[in-house]
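Annotation source Swiss-Prot lists compositional bias 'Basic residues' at 1017-1030. According to Swiss-Prot, the feature compositional bias 'Polar residues' maps to 1118-1127. Under the heading N-linked glycosylation site, Swiss-Prot lists 99, citing sequence analysis as support. The intramembrane segment annotation in Swiss-Prot covers 229-249 and rests on sequence analysis. Feature annotation from Swiss-Prot assigns region 'Disordered' to 977-1010, 1017-1036, 1113-1135. Among the features that Swiss-Prot reports, topological domain 'Cytoplasmic' is placed at 1-63, 123-137, 186-198, 278-1135, with the record citing sequence analysis.
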């Protein structure tokens, strides 16, 4: 190093001192070289080229000047023809010489000089090394023919009257017009102009042909009839239109030859132009063209972005979107990258839709296509994912990119996005409204297990209907069900409302009860003016404010309602079976609702968390007064309200102290420490103090911690909830959370078994290992052994989730084939099992629990067709599986996103009802079942008052189950067995026939294969009967009778029992005969106050948040959580 340093000479002192003062600037200035760029554009030629060609605005001006110059030359030619007076005679000299005045000649010479100079200049600027390419161009040749003779006449005066075919400048004007339009489109940045250009070219070609023909014939007939311009125009029009009257005809052979030549040119040129125009028109029809900017600025439109458009999706969107009166004038622009299929094209040609729906083929990722759709002027943009894709994650990624592209192009356009998988939701948090399909689906299926038909309830609420479905039906339940299906959620400010204005300063429950009693509306929630959070049933301690926004359920919104007082209504004498608007209550309802006599304190005490108790007063009080209901207080009395603190689990009061102690040691309440994906809403749940080892989560495999290998061995106190899914996706987490929410009583927690086709990953197991009684098993519903091991014989509900791998099929609606057949097998094998099925296509609901010869199902099918013909959005609602809540399709919830355009609160309310979101002070959805002890309440109005006065619950509907009045054809068919009843008397014979009818299900076929084989065996035994005697013959006869009486259901039951015995499972408790085939269930949303309460009715309730009444609710939530892994564990959350 010393040698190297010694080789570098030291700097002189002056440089060192200067560097100290000035730094390195001196050295940099000495080494700098000034470089000028784009020197090639500074030449004279390049400057001219920039002005005449490259610059868009200056080039456009040059083109416009050139076009005007050509038109002027044609105009001067017409003036010359009109001014001349040709001498009489037929000399050929009239063809070559014309009369041209001096001023006209001067103008034509000037125009020719300018045109020739401009043409030569542009040829020089566009010269690329081949001079002949510039000279032999047709525009250049025409310019030479029309300009050079005039320039020569300047130097040779005798040639001033020489004929020059100046009318050919029309073709140069056409060429200049095309260039001008191209420059104009470049200047205004318009690229989608092919159709306009082609139409312009066609029109200009026609005009040039006609103008050339007119001028040519007029000039050539100077030696003949001497036609004027008007006669020439008349002849050309008649000739080109193929009419040919013959009153004006050319006489000279030259003019005739010219006409033939022009017709030949027209036959060659025009078909080419028409062919190009037709091709562009067809392409335009495929791509959809452009949405007019003028219309976008003067009219309102929304854009629907989809990857592929199916007819079902289109009709769902159009029917729901245009169901609202204020949206009738909106246009819908569909932006889709694929071509329209035949069905969509046919629908969009219907006048009702063709005037309001515009289909554009394009991609949301292209700014040009977004510009075509005028996305920046749109009122909203709906972006839908394609759910019928094998790779749903890829479909979500496309949706995310579309949302990003729209937000980048039009940041002020409201976004309504549908996403499939919950782990992708956080990518589009910026969207105004987001519906995650799997979140809603699993939460809805979970609530179906504890609140029956929740999926049907939500589906009816988010569909727009007038409640006119089923009103033409002869059956009363269909009229009631159809009328109540028209109820929707609406909102209004309290001080502006006729329904709720009088309840300012009063409690929420008081307002809800009296509004329902007086107007028939169900107040379900409120929102403060200065708060964005919606509170469902905030409870009796919430005081209504004048600026509160009230959310209520009704047939129509208040603004569209008319009000009549009681006297007017009595005079009208209109008998209504349903209450909508003010109605006269029955006498017993009015007396009961007065609340003049209060019931005892124990009747207003807190219910058990398992459900409200509509118990009668005590025996002592019955002797004094009849049952009555306490009034709903205007302002809650703190001393009289006993809150249902579910944190202490009052539902467990019936348990022994030892059981209660063990239960408290086993469970805790808190927020789940792990979430399988980012963006899941934290929910207060029942949790374990310590997470379960992964090996213990496997239901059918023993481990070192337990030795159980089937569901029966665990000895669960409550029935199972089984979920059959293909994979343990992140959305399945939302199935578990609502069933383990903190407000669910511990005694009523059902064990959850996940029957998965594929093993779950570790992240999912990390999330579910903290929840009590959650297990999984690898198996399939195709395998009977797997079903028996997971405990299907004593399960309360079986949820069959649609498989992603079967969601797409080549034939429409065939995606559900495997699911439908598997569920039908379950339905046959386990008739007592409540099966809840998810389908891809709602149209396939008619195949659920299919019975080919069921007359009642056939009648419902006809009713569905009639409702569809009437234009109903809910034609499928009368299908018994849907009405009972046993089938669901996620596509039914697409209307939730569409309805949010008008009701921006619908997604929030639905998430609160399903338990996907929890807001402090907001209630939750639950249900209670009416028993025989509760029938004293009699009417829905009294039930409403009882719940509001006791615990603050708000009922919103009834799930009713009735016996099926119309028996099926199969249940009426029975085969007489009298010919085999030789050994029995008539009483036993009738007894056996009755048993046979009862044991035969309504869905079996007339002659099942198994029973046919059994009968054949019995006949063979009967033929061999004479060979036996005594007890042997009697035994054979008895076997023969028993075999015949066995129904298909009994055959299947025996098959199941044999498999259970083979697997070592106990057959105790297997009930093969208890089914629900002879009943029908349906929902009554917000029924009238005088609706009778019936036995086994299930009432939907919105129960107040029990934590809202605790003094320190938030600390209690946080402190009650078990000691689990801290924030570091969240870093392992799967993205």
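Each residue, glycine too, has its Cβ placed from N, Cα and C.
For the topological domain 'Cytoplasmic' (123-137), the DSSP counts in helix, strand and coil order read 8 helix, 0 strand, 7 coil. Secondary structure at the residue listed as 'N-linked glycosylation site', taken from DSSP and collapsed to helix, strand or coil, is coil. Looking at the topological domain 'Cytoplasmic' (123-137) alone, the prediction's average pLDDT is 77. If you look at the topological domain 'Cytoplasmic' (123-137), the same-chain residues 6 or more away from its ends with a CB under 8 A from one of its CBs are 45, 48-49, 52-53. Around residue 99 (N-linked glycosylation site), taking its Cβ as the centre, 13 other Cβ atoms fall within 10 Å, counting all chains.
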